[in-house]
Amino acid sequence: MVISLGLGTMLLSGMTKNEAKERIEKLRQLIEHHRYLYHVLDKQEISDAALDALKHELKQLEDQYPDLITADSPTQRVGGVALEKFAKVTHQAPMLSIEDVFSFTEFQEWEARIAKFVDGKSLEYYAMLKIDGLALSLVYEGGTLKSAATRGDGRIGEDVTHNIKTIEAIPLSLRQPSADEFAAIGVAPFDVTRGRFEIRGEVYMPKDAFETLNNERKERGEELFANPRNVAAGSIRQLDPTITATRPLEFFAWRMVSDVGQGTHSVGVEVVKALGYRPSLGRVAKTRADVQAFFDEIGKKRDALNFWIDGVVVRVNDDRVFDSLGIVGKTPRGIVAWKFPAEESTTVVESVDWYVGRTGALTPVATVTPTFIAGTTVTHATLHNADEIERLGLMVGDTVILTKAGDIIPKITRVLPELRSGKETSVPLPSTCPMCGSPVERREGEVALVCTNANCFAVERERVLHAVRAFGIDGLGDKIVEKLLNAKLVNTPPDIFTLTPDELQGVEGFAEVSAKKLADEIAGKKVIDLDAFIVALGIRHVGAETAFSLAQAFGDIDHLVHASKEELLSISDIGEVVADAIVEFFASEYALHVLAEYHKVGVHVNKAKAVKRTLAGLSFVVTGTLESMGRDEVKEKIRLMGGSVVGSVSKKTSYVVVGAEPGSKAQKAQELGVPVLNEAQFLKLLEG
Ligand SMILES: [Zn+2]
C-alpha cells in the first residue's frame with residue numbers, strides 16, 4: 001500500500017523510491033558479501049536466519065518496485081559459484097532455488113498467487129522436510145553412478161563424484177525394482193541399466209556425528225565447526241576423498257528428476273526408494289490444512305530428529321501442473337519453503353528511550369520496526385546500559401540483528417553498519433532524568449546511570465508497583481499505577497490503601513464493578529507478614545531472603561527501624577553494604593513518611609512468628625564452651641530473642657552462661673551474686 005503525498009510516492013514505512021533504491025543496493029551488496037563468505041569460503045559470520053531476513057526485506061522491496069530488479073540481484077540467483085579447483089558439470093535441468101515464506105499467512109499468499117495460474121482450481125501438494133544440508137544432483141548411466149554435482153550457480157555445478165562415492169547412503173549402481181514393485185508404485189517397468197537417470201537430494205551430517213566431530217576437534221585444540229551444513233559442504237568439496245571418507249555423511253533423496261512416467265512428485269518419491277535411495281520424510285497434503293498439520297507435526301518432532309531441518313518444503317504434486325506454473329526469476333512458482341520461526345531477524349532501530357527503574361537506574365530500550373521472531377511480533381529490545389550501546393556501536397536508524405533465545409526479552413546482538421544511509425544519529429546519553437529532569441549520575445563501580453532525585457516519578461511508579469507485588473495485590477498493573485500517579489491519587493505506596501471505589505471509577509478504564517472489585521482486593525491485603533512488609537519498603541539490596549532474615553532477627557518492624565549497624569552486622573547473612581543501605585533507608589525522611597502513612601491507613605504488620613522475645617531487657621555474659629552451639633550462635637540466639645550480650649560481668653548483668661572450661665568470669669559472677677546458668681539451664685531458658 002502506498003500513499004501519494006504529492007511529493008513523490010512515499011511508502012507507509014516512510015521510504016521514498018530513491019531511498020528504497022539505495023536500500024536495495026546496500027542490501028544486495030551485504031547479501032552478496034555473506035553469500036560469498038558462505039558459499040565460496042565456507043565461512044559464516046551471521047546466522048542463516050539473519051541472512052534470510054535480509055533477503056526477505058530485499059524481495060519485499062523488489063516486489064514493491066519491480067522496475068528496480070536487476071539481473072544480478074541476489075533474488076535472481078541461486079547457490080554459489082563453482083570453485084575453480086573442481087571440474088564443472090552443466091546441469092541438464094537447472095537446479096533452481098526455492099522461495100521462502102515465514103508464516104502461514106505468507107504461505108496462503110503463495111497459494112493465492114499460484115491459484116491465479118490454475119484458474120482457482122484446488123491443488124494437491126507434496127509436503128516434505130527441508131533438510132539443512134547441501135543439495136546434490138546424481139546422474140546414473142548404464143545403471144551406475146556417472147556424476148555427482150553440487151548446485152553451483154544453478155546451471156553449472158562442481159563435480160564432486162569422487163567424494164560422493166565415500167557416502168554409503170548413495171548407491172553406486174541403481175537397484176533394479178521387480179515387475180511387482182513397479183506395479184505397486186504405478187509406473188511402467190523400466191530397465192535401470194538403459195538410459196540416463198537423475199536423482200536429487202540433500203547430503204547432510206547427522207547431529208550426533210557433528211557433535212562427536214566437534215568434540216574431537218576441541219580435544220585437539222582445533223577450531224570448531226559453526227554448523228553441520230558447513231561441515232557437510234566442506235567435506236564434499238574436499239580435493240582429497242580420504243578426508244571426506246572420515247566424515248560420517250548421510251543422504252536423503254527428495255526428487256526423481258528424470259521422467260519415468262511418475263506423473264506426480266509422490267510417485268517419484270516411491271520410485272527413488274525402489275531404486276535404492278532413502279527418501280526424505282514427506283507426504284501428500286490435499287489441502288492447506290493438511291500442509292499446516294504436517295508443518296506443526298514436524299515442528300514438534302524437530303528436536304528429536306538426528307538431523308537439522310529448517311522448515312517444510314511444499315510442492316505442487318502434479319508434475320504437469322508444476323511445470324505449467326513455470327519459473328519466476330530463478331525460483332519455480334510451484335514450490336515453496338515454509339521455514340520454522342527464526343530466533344533471529346533483522347530490523348531497524350527507530351529510537352532509544354531511557355526508562356527509570358525502582359532503584360533509579362536508567363535502562364536504554366530500543367524501539368524497533370516490528371519484526372516477527374520465534375512466533376511473536378517484537379517491537380522493543382533491551383540494551384542493558386550505556387556500555388552495551390558503545391560495545392555494539394549502535395546508532396539510531398541502524399539495521400540490527402535481533403536475537404531471541406527462550407523467553408528472554410529480545411536482544412540486539414549485532415549492528416550492520418554496511419546498511420547505513422548516512423542519516424543515522426548517535427544514541428543520546430541522558431544527562432538528566434527523562435522522567436523528572438533531575439541530573440543523572442554514574443555510581444562508583446556501577447555501569448548504570450542513575451537518577452539523583454529520590455522522588456522521581458518513575459522511581460515512585462516502580463516503588464508503588466514493587467509494594468503492590470509485595471502486598472500481593474492483584475489487578476493493579478503498571479498502566480493503572482501510572483494513571484493513579486498522574487491523577488495524584490497515589491504518591492507513595494501507602495496511598496494505595498486510601499483508594500476508594502469512587503476514586504477508582506474516575507480513572508480511565510474502570511467501571512463501577514471493576515472499581516469496587518479492586519478496592520475490595522486492596523482492602524483484603526491490609527494485613528501483611530513482617531518479611532513481606534520489609535520487601536514492600538523497597539530498601540536497596542534487600543530482597544525476599546534478606547527480608548526474611550531481618551524479620552527473624554528483629555521480630556517486629558519497630559526493632560528493625562531502630563537497629564544499629566552493629567546489630568545488623570551480627571546477622572549472619574548481612575554484610576557492610578546491606579547494613580549501610582538499611583540504616584540509610586530508615587534514617588531517610590521518605591522512610592519516616594511511608595511508615596507513618598502505612599500506620600495511618602491501617603496496614604497491620606504481623607510480627608515474625610518464629611521469634612519469641614522472651615529475653616527482652618535481659619543482659620548476658622557467655623563464658624566457656626557450650627556443647628550444643630558455638631559462641632557466635634549463642635550470641636545471635638540471645639539477640640534474636642531480645643536479649644543483649646555484654647563482654648564483662650557487672651551487678652547489672654542478668655545471667656552468666658557458663659560452659660566447659662570457663663574463665664574468671666564465672667567466679668566474678670559468684671562474687672557479685674549474678675545468677676549462673678549451665679548449658680542445660682540456658683537451653684531451657686531459650687525454650688521459654
Ligand atoms: Zn528522575
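Glycine too: its Cβ is placed from the backbone N, Cα and C atoms.
Look at TrEMBL and you will find Lys130 tagged as active site, N6-AMP-lysine intermediate. Note: Lys130 (active site, N6-AMP-lysine intermediate) has non-local neighbours Ile309, Asp310, Gly311, Val312, Val313, Ala337, Lys339, i.e. same-chain residues 6+ apart with C-beta under 8 A of its own C-beta.
Taking all protein chains in view, 22 other C-beta atoms sit within 10 angstroms of the C-beta of Glu202 (NAD(+) binding site). The NAD(+) binding site annotation in TrEMBL covers Ser97, Ile98, Arg151, Glu202, Lys339.
Here TrEMBL flags Cys433, Cys436, Cys451, Cys456 as Zn(2+) binding site. The Cβ of Cys436 (Zn(2+) binding site) lies under 8 Å from the Cβ of Cys451, Asn453, Asn455, Cys456, Phe457, Ala458, each of which sits 6+ residues away along the same chain.
Summarising the annotation, TrEMBL assigns coiled coil to 17-71.
As annotated by TrEMBL, domain 'BRCT' applies to 610-688. The average pLDDT for the domain 'BRCT' (610-688) in the predicted structure is 83.
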List of residues, in chain order, with Cβ under 8 A from that of Cys433 (Zn(2+) binding site) and at least 6 apart: Val356, Leu362, Pro439, Val440, Cys451, Thr452, Asn453, Cys456, Ala458
Any further residue of that chain within 8 Å (Cβ to the Cβ centroid of Cys433, Cys436, Cys451, Cys456) of the recorded Zn(2+) site: Val356, Gly360, Thr432, Pro434, Met435, Gly437, Ser438, Val440, Thr452, Asn453, Phe457, Ala458, Val459
Neighbourhood of ligand 1 - recorded positions from Lys130, Cys433, Cys436, Cys456 with Cβ under 6 Å: Cys433, Cys436, Cys456
In three-state DSSP terms, the structure that Lys130 (active site, N6-AMP-lysine intermediate) belongs to: strand
Protein Cβ atoms within 10 Å of Ser97 (NAD(+) binding site), excluding its own: 20
Assigned element (helix, strand, coil) containing Cys456 (Zn(2+) binding site), judged by DSSP: coil
DSSP state at Ile98 (NAD(+) binding site), helix/strand/coil: coil
Chain-internal residues, separated by at least six, CB under 8 A from Ile98 (NAD(+) binding site): Val313, Thr331, Pro332, Ile335, Val336, Ala337
Cβ neighbour count (within 10 Å, all chains shown) around Cys456 (Zn(2+) binding site): 22
